[in-house]
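What TrEMBL says about this protein:
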- 3-316: domain 'Cobalamin-independent methionine synthase MetE N-terminal' (DOMAIN)
- 18, 116, 567: 5-methyltetrahydropteroyltri-L-glutamate binding site (BINDING)
- 432-751: domain 'Cobalamin-independent methionine synthase MetE C-terminal/archaeal' (DOMAIN)
- 437, 438, 439, 490, 605: L-methionine binding site (BINDING)
- 647, 657, 661, 670: Zn(2+) binding site (BINDING)
- 700: active site, proton donor (ACT_SITE)
């Protein structure tokens, strides 16, 4: 009987690490206090898995911020701007890399493959002096050992680490971090040697980049790396773990031929085609770590069906060589269903969080070994049957409406350029109009009002009155600052997805279903369990309330269907596109009602468009077609004079045409923490006549640039007078006291640009 977990959530069941981190960052606790919380969490996780019967328990999957950042620390690849001069990497350097400081910017963050988790991108160049600077992997292995728990230390594999890196600032963009492989392998050898000396019998190398479209030199790097490591791997079992997608046939052949490797881990939930590769041939005597329990979604495993799959694998690989595992780290799921005391019992029976998934892994391993827990399997079968037959899941009218969307384009009748002309006549905006992304910070008093309303301590009338007062303050502040297109501040909302989900059918919600997004930031995804529809308007009250307070246009603020989908735990009993179309129809109804109520600017945010993008290029066009179609469905009935904005972030240079195909009037794109990589998107948007709003600085940064710096930064993007001006990200997560100052600088920068533009125009005609 063999069971394995790839990784585990580290925030804690009640977000203990989040609160400890923020307390430390705010100077309210010491480094020792923070380390104590970390040690307690690690101890509880290891002991829990040991008690559940897991044989291969991971260590070194805990982090105070990010595992890739931990690898950067291990390799001593600290960018020079952080002032590290060797020796132990203390929290001040570590957190400066992660978050920046008053004097230096943070390292870039980007999405971890196609998940909502973010990793800190290593910055490398030909002159980096690597050194074994952090012994965290060994320290945590020994820590577990002292608790009586034998673990499998987990390392980001050397090739994946380099493939996930980028050339440092000032280094030629053509520089390949993979060329540094020979320089980092000696450090990996040191780590392995220390782990072996400490008693480790297994070591896990995570090489998730093997699921990507790699070229021959990149694949060859895996062969070279593990050939070089082979001698030091002697005497220890090595697992190379992949996840998030199928491993391509060529990569599968390379992976299963690696020297010094004992076992191979595959995601058999997202990567179902990998089963065919395994059936076609698996190396004799090697272990197959079969990732059959979903590490990215919250549905209880269909144990009977999975056991059948495992028996089939057993007949190929051998009875003693199949290890039951999770498809990826459980980092992407909430910690424990036990803490959901308010969730509907029937829906709850359909779910499994990280703690429950650990139990599922072990139950399957025991069943495979002939020790099936009949009661556990029977309860699981009953829950599966309940979910399939429950009337709350299916709405025939919704299914029919969504099915009818196929085969039609759903595009507004006129071009962007024509619409922008009609909109300008109606809105009469200045050159380089200013706006903000959406939400404003919520005061302690407002959070108290939300809490009391949720607990039914105040009436709906009292809640609306309190929100109205706050909206009025936000509107007046924006007028005072002379912002052109206002927002109502989203002060009535708890979360950009949950707020809408609470008003749509087919959604369920947790109270402690938190998942780490980056650092201490956690999200609480909604659960889409059934067909989605909109019983009544969701935002019209608040948008019209704000519009009644000002003569300036107020944006209606909506979350787009693709973002609602990608930031939720989505039902797995129908294709994702079907669910997305259902959400799109609900948002379409809302757009129509806002328009009828006199709201002439409507922002439909698709911040998570890229998150659902398949990792393999061959599968991307299908996703982009239905994702973009879903967005167009939401506003295809809007009048020419209604201006549709969208907001998104991440790297988009490779999907520019899909973004343009969304047919939005104005596209707002994150630009400030991506080294201005979206510049080509901006120019492509201009080419098609689309309004573009590149963000002008990171609102979360410790460094607030001057108006002159902002104006200078944006000047290179001035290719048109339909450029919009906005800060990066929403304001909700900022300190309330700093927002006014930041926005004052932002407005001053816009005015500088207008003067510059007017001056250039005057010179042209003189």
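Cβ coordinates come from backbone N, Cα and C, glycine included.
Curation plays no part in TrEMBL annotations; they are all automatic predictions.
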Model confidence over the domain 'Cobalamin-independent methionine synthase MetE C-terminal/archaeal' (432-751), averaged pLDDT: 84
Distance, residue 567 (5-methyltetrahydropteroyltri-L-glutamate binding site) to residue 437 (L-methionine binding site) (CA atoms, angstrom): 18
Cα-nearest neighbour of residue 490 (L-methionine binding site) within the listed binding-site residues, 18, 116, 567, 647: 647
Spatial neighbours, same chain, of residue 116 (5-methyltetrahydropteroyltri-L-glutamate binding site) - Cβ under 8 Å, 6+ residues apart: 332, 515, 517, 523, 525, 566, 567, 608, 611
Sparsest-packed of the listed binding-site residues (490, 605, 661) - C-beta count within 10 angstroms: 661
Neighbour-count leader, CB within 10 A, binding-site residues: 18, 647, 657: 647
Other CB atoms, at most 10 A from the CB of residue 437 (L-methionine binding site): 26
